[in-house]
């Protein structure tokens, strides 16, 4: 009975609905039963629903209340319609969501209802008053890594940065004095245990330990360290010329040589040549005696490459005295000595095991400041302030001031009026990528999920569109530790290059003195000379109880022991030794989630992964650097005699020729006159670093000028060819060219003998002017390391230093050695009650049986459609492509080689002595001086100031994570960069003419297996062609689809009689046969009679089941109406960064908001007016080290520097003055004096930040660490995946057994395997061609088979007749998915290329020309519609450009992306018949077609020829079981077999199939596992009942029918008598057991449904299974002779929409659910594809009657959420013991 107020409310609503002019009946939506009114259809003329024509419309408005027709109405009465008795129609489609009903009047107050469930989280309340500043919180956990911020504008000079990367190695400093001895360091860690010494010599009996005899000579000592580098020797005289080396390879043909120059006189030595490549070592030749000719001293050559490794040196001098020999054998025990004195305290004992937790320590020192906290919540909006008085009028407009500080937050202004729509602007140019949006609001923390099951590695899907980075959600609670997943397949990553070293951190503060180290391991035994061994120290106190160790790794299972004798009883026996570990119990109830363990130690690096797939072709690279200059070509042949000057001959003008081929690159022309200034071009890309120019004289420092404004565009300049310019200066040294070809024979040079004169001596010149100071020299190379100075005296000890601050925590120490065994701990507390053990182990192991392989298992069911696999490995290298188009013209080449040296000038007279020139370059190092006399000790110095920061030490071990450092200063926003120029679009190439048909090429090699193509469109059926000539034999085809069941064959001919054999003796009973293959599924049985009520018990939760296959995607549901705004969702998965969208249109200015977080970088602002000069700022912090400054002015003459190393080759000098006497060689100069060291130049300005370095190459794999200690026993792992089929084992040992008794007749075996192929039959005669069969119906599309190997080319067929276009075929059913292809073989590993120098980032290349049409791509997936970008701002109209010249054809474009499959176009006219194409490759097997109409039986053909023997095909899939054949002939009696070995004991498993099935539901997303001894048949989803056409059909949760293998919101269709079935066209519903996932606010759909559907498994049990119920909160015991499977709660029945529902038989295991849920099931609307928990769903459970008396009235009570399970009866599922 409804309450009074509800009835009144219903009456009011009904009355309101009937009064309305357009009222509707109530409509049930979903199952919520909400009343809907038709307010939305008010005053509309159109009908709300279409009206069926089979019904008449009665206008009831004109029939008054008294004019109603009588019950037996005739047709003549007004408003009367014939009575239509129609059958009840099917349930209609779900109606649209009705409008919201009118609000009813307020009802009377009802009775106080029961307390409701805990309400949902309320809306956030109003902001409170700002609270007082709280105490400083403890440092938070490390947050997740933030989203990378947008590139901000360049900032002002920031605070001092952290230390830069290690610079290049500096010059070796002068060796410092030897430092004082340091304080003793902290105690080191224990060393490794030394090896045991040899046995010592016997000691003497008495206590007089005299000195032993002299030992044998020790082992030869190791070679001493290399001595210091010797002084550089003086340069030796030039040696004699060596013998000629072996003849080199002949060079390539050089270019034709230039005409030879006229010779004028003796040639001078040429310029030094370019540094050559490192030569090969010369082969040894006998050295002939030569004489030395002194040549002119050449220029100093470049530093040569390192020489080859020298030969092994002579044996060194005898080594130092060897180390002491090993200790001798242990002597005999000595006599007892006198009692010694009290010994010193022994060393502390080894560290005991970890003790219990100590008392809390003292408060630590204050920590470093924590990181800046997250922005707090915005405070409450303050009240508006009072309006101030009006200010004075402002003055004239001033110049824009500098940016002011950030103003306070303004009030929210009133929204302005809506403006008129602006005119659509022209589409702007593509904008730059927009800035990344801010992070979204964080999601609510999700519910703590159950421990995940180990998932199988999914195949990688296609790369989806690049998603935008989602917001960072609040971190959810840590989930339970999942199981260790299998190792994934090797990734296809591309090997990155080795990364650069990281930036060093700040130097740490001085640490306090470390604690005393652990005790070192015992050292090697010391020498015993006169001392006596001390007495052993007393044993240390027992350590405190340590924590439990980690589980060790499980040992291997031992063999079964021999069964022991029955023991007798004894009263005084001592307790026996500890028994062996028992067998593992059943899995326990899942424990609570443990605390998060410490992070594991870093594992070894994995093996190198497979080579990654080739990346996409990158843009064309930049022009590479010029190659090295090749070796000089061979000398050309002498030229022919010279001819007259061709320039004097006037050439006759010939006819215009055809355009010639493009000429070679011309010689560089003279520089033209400078043109007028052109329009400023766009800013170029970052250019390459130029060659170092000639040093100019240092200029005066200019004052920095202000940045000028951009000038106006200049007038386009005219280009007038200028006069030839002067000869330029020599260019920079070119790179070494490639090896040139031998030149052609050159022209003969003219050498006029009358021009060869001795040069006349000139007059003496005037003294020259003082030369300009030369440019400062470049920094010299680092000097060679100086010699080690003499060891100074030890200075006096300085005063103690000031006590440093407390140091940071030291790095975490390495794991100490295992401590000594501690005192046994106290006995632990009693453990929890154990789980019932498993069945006992089998008996003693019998003699080994004879092994034989078992039969092949049946084929598995078709798997669900897998996810799209990873991109396969890169296919084999394709055929060479066609010749590419002509490339772009190359860049201008570098300057050519230096010209030939000029003629020597006439020798002048000796000039006067010039003025003193600038200081010369530092000479070579001087001869080292002799060692000085050792000085006296100096007086004690003052305490020194703190020393400089030392050089970085070697890389230390990885430390523990440090505390958070203080947050650095925020950088200043930098200036925005200028916009780069847009690239020039390429010119589209003209479409070429269609080429002629080429000749048929030779057969190419067989290609690799390609990926399966997408199904093409259904083609039009053609007429039957003529019969082709028989093709050549094809290659083996792919395995065929499983064929239909064949008809029984005819009886074969009788076999030959077998050989007679002796009668065998009666055998012993044989062992039980192996279990046969699984038979075909039986037909469904008739419904059984209702069983007796059973009892139930609740087993413990089994281990998590294996991950189920992914279900198919459901059908797309219809678009629902927009729901209300949902609660904030859970944190989404981070998507990949989306591509940046276009620049949006400017929005309407908003009201001033609250102070936001620091905004992203602004767009570049316009250039402001120059501001006034600011005040002098505070002294800034030290800046970063600047880049290398420009060369400073010439310094004062420094002191004599240390001897430098041999310098690099100098710049080529000016030509020397002519020698006074030709051909006279100068003497070797004396060694110059040591030069002065210049002063250090001024510090340069800070350089620009360089581009990021290239990622370094992958480092070498580290050495394998020492093996770790054995771990404790691990937790038993979850059930592993079914492993691959093992290889056939070796045949077992065959021992002839005794004769067995006759065995029981075995059951019918399953179908045997396919027999081996028979022998090759004889070749038959060729058969005649049969009659063409009838055309079959088109079949459904088959699965995409793997691409077959390319068949051999067939003979060309006869041309067929023109066919008429056939009717389009019927669309076939989609076939099952093809098998996943085998993984391709790894490609050959390429040779390692040389590491290239890092190139600068190249500019984007010009767009290529339109490439040739690519092959038709596979149909692409439908992409999501991208958001429409806002139109950009209209750009300025540019000047009209001149017509550009035709560009050179671009590089061929890359192959286009696969195109989207266009919709089929209209049918075209029949085309002309084309020529016969070459025979195509064999197609993939087609999908299985529909069964065609049975044709008439053809005439029997003649016997065909015997075909050639085909290759043995791969075994096909197992066929259907055939019909039983007719009984064969009785076979001959077989030979007597050998006596078999005794069989192995039978396993505890069943030797027969019981057929008793049991279903278990996990009520979670995890698939449950069958109990031990049960056989898993299938897994699925837990179906409770189906509501169809308002009738409910219930499933017994204990029967297999409640576990369906696939899930769908509507797994059924409805069929009527008119042979028509409908699917998803009615309002049918399904109900499923659900999980413990949180109840959603709105219906869920698509993949979100998965987390709410319970999983199940169907098992075959060895014996009958029942459920028993206690009707109390105590779990009932199973009856005698039964054992428990699981425990649970007594679930009886359920109801949902209307009167639908069902129940469970109490003896069925389905009445005992393992988890209690107030709403244990979820309702799914079949047609809509959504699922939800509705208020009408009710579950009924057995009540706990423990505290109530029978036959007394139940007491009404409301049970809250926390107490529900204590009022529900418990149950247990039990199975009868089969043992």
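Glycine too: its Cβ is placed from the backbone N, Cα and C atoms.
What Swiss-Prot records for 144-163, 360-369, 913-931, 1015-1036, 1151-1170 (among others) is compositional bias 'Low complexity'. Annotated compositional bias 'Basic and acidic residues' per Swiss-Prot: 249-259, 724-747, 1106-1127, 1224-1245, 1496-1505, 1517-1529 (among others), in sequence order. The compositional bias 'Gly residues' annotation in Swiss-Prot covers 434-443. Here Swiss-Prot flags 1570-1659, 1603-1656, 1615-1621, 1678-1774, 1712-1771, 1724-1731 as disulfide bond, drawing on sequence analysis. The feature domain 'Collagen IV NC1' is assigned by Swiss-Prot to 1555-1778, with sequence analysis given as support. Here Swiss-Prot flags 72 as N-linked glycosylation site. Annotation comment: Swiss-Prot describes 89-643, 655-1187, 1200-1285, 1336-1530 as region 'Disordered'. Sequence annotations record features per position, and here Swiss-Prot assigns signal peptide to 1-23.
Every protein chain considered, the tally of other Cβ atoms within 10 Å of the Cβ of residue 1724 (disulfide bond) stands at 27. Per-site Cβ counts within 10 Å over the disulfide-bonded residues 1712, 1731, 1771 peak at 1712. Between the CA atoms of residue 1771 (disulfide bond) and residue 1678 (disulfide bond) there is a gap of 10 Å, rounded to the nearest whole number. When the disulfide-bonded residues 1603, 1615, 1621, 1678, 1774 are scored by other C-beta atoms within 10 Å, 1774 scores highest. Taking the Cβ of residue 1570 (disulfide bond) as centre and 10 Å as the limit, one finds 20 other Cβ atoms among all the protein chains shown.
Neighbour density for residue 1656 (disulfide bond): within 10 A of its CB lie 26 other CB atoms from the protein chains shown.
Among the disulfide-bonded residues listed (1570, 1615, 1678, 1724, 1774), 1570 has its Cα nearest to the Cα of residue 1656 (disulfide bond). Of the candidate disulfide-bonded residues, 1615, 1678, 1712, 1724, 1731, the one lying closest to residue 1570 (disulfide bond) when CA atoms are compared is 1712. Checked against residue 1678 (disulfide bond), the disulfide-bonded residues 1603, 1659, 1712, 1724, 1731 differ in C-alpha distance, with 1712 being the nearest.
A gap of 25 Å separates the Cα atoms of residue 1731 (disulfide bond) and residue 1712 (disulfide bond). Taking the Cβ of residue 1659 (disulfide bond) as reference, residues of its chain lying under 8 Å away and at least six apart in sequence are, in sequence order, 1557, 1558, 1559, 1560, 1570, 1571, 1574, 1575, 1576, 1577. Note on the domain 'Collagen IV NC1' (1555-1778): its mean pLDDT in the predicted model is 93. Residue 1724 (disulfide bond) and residue 1615 (disulfide bond) are 21 Å apart (CA-CA, integer value).
Between the CA atoms of residue 1621 (disulfide bond) and residue 1724 (disulfide bond) there is a gap of 21 Å. Under DSSP, residue 1731 (disulfide bond) is assigned to a strand (E or B) in the three-state scheme. Looking only at the disulfide-bonded residues 1603, 1724, 1774, the one with its C-alpha closest to residue 1712 (disulfide bond) is 1774.
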